[in-house]
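Step one of this worksheet: look at the structure below.
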Amino acid sequence: MAKTLAQGRKPGSGRKPGKGKTLREGRKPGSGRRRRQDTGGKETDGSQQDQESRLISSRDMEAVDALRELTHSPSSHSAHNSSAAPPPHAAAASTSLPPSLDYTHQSFMDQQQQQQQQQQQQLLQQQRVDVVPPKPFITHKILLSSTGNSGGHVNSNYNADHSINHNSNHNLNSNVNVNMNFTINGSNQDPSSSFLMGPYNYLQRPFIVKPYLDLSTSTAASNQPRTQPSPAAHITKNSDSTEKNATI
């Protein structure tokens, strides 16, 4: 409770109507004074209570009797029976709804659309022919012909002792078939050139080979006439292995 003047309130320090803070001044939203929507106030509430507590008058009773005579008279019964409404299911059957409101019609149309779509998909699947090329674009023969050896096989064999074995077959065709089994390590490779077993790449870039060669099978091949030098002839000259390189 606020203090009164007798209790020690200062004069002029009371609440001043219409001097509340605005939202900009720091008033919280919803903290303002709430006004009633109805302007009547207590007077309207009192009038409603008077209408509810008022007794039924004679005029009200006369109006009720007149309504009873109109609704329950025998003439109205006969007229009502003659023009009796049809049963609800018959009325519903007679009055047809438009297609936009008839749910059975919509469901039937949806089923028809689904069936048509399924038929179209089946026709498309029957008409579609999967075109598969008979052969791949790059065949084994093309790869062999690009390396310059017709019917030759170049196999790289990685052995544990890192030795290089040159085994020659004695099949004399238009080209000499040579099976080269070799391994290339970091010690055998020229650091200035990157050795790649691609088409014509190993013919253009020579590589350094260790002096140790297995000549057990290549001695018989030295007596055979050769029409074309093998790709392994591109070996740099060493003082210790010149004679061995001549037999390859």
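All positions are counted from 1 along the displayed chain.
Yeah, the Cβs are placed from backbone N, Cα and C, and that goes for glycine too.
Annotation source Swiss-Prot lists DNA-binding region at 1-36. Swiss-Prot lists 12-21 with the feature compositional bias 'Basic residues'. Residues annotated as compositional bias 'Basic and acidic residues' in Swiss-Prot: 37-71. The annotation compositional bias 'Low complexity' is assigned in Swiss-Prot to 72-100, 111-127. Annotated region 'Disordered' per Swiss-Prot: 1-127, 219-248, in sequence order. Per Swiss-Prot, the feature region '3 X 5 AA repeats of G-R-K-P-G' maps to 8-30. Feature annotation from Swiss-Prot assigns repeat '1' to 8-12. The repeat '2' annotation in Swiss-Prot covers 14-18. Taken from Swiss-Prot, the feature repeat '3' covers 26-30.
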The compositional bias 'Basic residues' (12-21) - residue tally per DSSP class, helix then strand then coil: 0 helix, 0 strand, 10 coil
DSSP helix/strand/coil residue counts for the repeat '3' (26-30): 0 helix, 0 strand, 5 coil
